[in-house]
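Step one of this worksheet: look at the structure below.
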Amino acid sequence: MKHKNVYILLIISLIVFTAGIGSIDIYFLDEAKNAICAREMMQNNNYIIPTYNGVLRSDKPPLHYYFMILSYKIWGVNPFAARFFSAIMGVLTVVCLYLFSKKYVGTKTAFYASLLLVSSLHFNIQMHWSVPDPYFIFLMTLSGLSFYEFYNTGKRKWWFIFYISLGLSFLTKGPVGIVLLSLAVFLFLIIMKDFKWKTIKKINPFLGIPLSLSIAFPWFYAVHKATKGEFTNNFFFKHNFERFTSEMEGHGGVFLLTILFVILGLIPWFFFLLKYKLIKIIIKENSFLLFSFCVSVSIVAFFMISGTKLPNYTVPAYPWIFMLLSAILMKVQNKKPFLIAILVVSIILPIGIIIGIQQDKVIYNLYLLGTSFFIITIGALIAYKLRNTTYKWIHALSASWLLMALVFFYGVFPIIDKENPVEKTISLFEENQNVVGYGVINSAFIFKMKKEIPIFKNIDDLKTYIDNHPKGGMVITRAHKKNEVLFESLGLIEVARERDLFENPTTLILKF
């Protein structure tokens, strides 16, 4: 069947990326804020100003909000709708990687690059959240692939797709997409010894970049005008320039931390990148693999020198790194030492997860869930047994990680998710009850209650609110010893105290 590989990748990625997206709460901070922002834009019928809990949110541009709004209109405001198009972006990334690359690296290399990508648990996790990253990853992949297609064939339509994709990436995460692809293209042309005026005229960034900017400009101008420059100042200077030049929100670290994130994200396939001599050979033989190398290096190096470091920053490099890994797998002769290393990691990882769960103060009693990760141990054992086959060992290893992803999203994570403080306390609130927050609260409460929650930063303001609402209500806050004396002085009664999942803060619910 002519399109068999496409159908296989389409079905696998669709099944895996949509696994559990409706059964897991919108809980984690960034996911909740993005989902809430899309909901408020829809409710307010205002598609220019993004707000979170009624306040301007200048963290990101609106493209992913628009997709979530479309999904909300189809399926209602719920976790499935918030995450649906994130999963679709993952599917598109996997399928496009295969369709574009097969004529440059061969069907087998292209297919296994996409299969390795969809079997990556870290990539999988990214495609499950209602955040801009899945959209950005797809657009970065599409723009890179279309650039190479245009560079290789000269067909004008790929030039347009390249710059249009970059423009849409600007509407997703700002100028970083243009910066990263520009670095990759520059490095590629330098290595190819093709950084010439003739080539630059062909690529024509003097017309292309303005085309990209023209896609993003109308919205940025509209939001600048509507917020009197507040969004512009916060987004470009705080969330772009300051995030790059300094540590933000405690997410800093040495430059090697970025490398560690990449290594962990590429497990179990990372070990094959140690065949650096083979990498030198394949990128010398194949210009598409050279371009994949340039994109990978540009993204990883950029975030190595960035002041703020997060595991998701380098995920746009994964399609390109897995393309290199697939090419290595097609050529590597002695697989035994690498598969031994993978087997060792596949034994250590489940044990480490079990111990980690036991150490957590909230879910320590669920430590047996960690035993499900021995699926990858079994897969590594089978792969080792099949090490002398051409492809079967790859199938065994990929299948075990894909199965692990399904077990994780359908079984393990939903059970753990039920222990989050929002899920455990939401039944305490009545539908039309007065609910306010004090200090910092978990954003998931706002999503779950489907309404804005007034949040007070000053104890006197909270007292005034309580005095003005004699019918009573609830206060959501975080437990702090210095505040609890103040709460007692206001006559607040503790109703519940639940520690956050995987974090130090403890949610405190009080009644007045």
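Counting starts with 1 at the first residue shown.
Heads up, the Cβ atoms here are built off N, Cα and C, so glycines get one too.
In TrEMBL, annotation is done automatically, which means it is predicted and not curated.
According to TrEMBL, the feature domain 'Glycosyltransferase RgtA/B/C/D-like' maps to 59-220. Among the features that TrEMBL reports, transmembrane segment is placed at 6-29, 80-100, 106-123, 158-191, 203-221, 254-276, 288-307, 337-357, 363-384, 396-416.
The stretch from 158-191, 203-221, 288-307, 363-384 with the most CB pairs below 8 A to the transmembrane segment (337-357) is 363-384. Proximity of the transmembrane segment (363-384) to the transmembrane segment (396-416) is established through 3 or more Cβ-Cβ distances under 8 Å for residue pairs spaced 6 or more apart.
Under 8 Å from some Cβ of the transmembrane segment (254-276) lie the Cβ atoms of residues 116, 120-123, 300, 303-306, 309-311, 313-315, 317-318, 321-322, 324-325, 328-329, 332, 338, 341-342, 345-346, 349, 376, 380, 397, 401, all in the same chain and six or more residues away from its ends.
Outside the transmembrane segment (288-307), and at least 6 residues removed from its termini, the chain residues within Cβ reach (under 8 Å) are 101, 104-105, 144, 148, 152, 179-181, 183-185, 187-188, 191-192, 242-248, 252, 255-256, 258-259, 262, 279, 282, 313-314, 316-317, 320-321, 323-324, 327. Averaged across the domain 'Glycosyltransferase RgtA/B/C/D-like' (59-220), pLDDT in this predicted model comes to 98.
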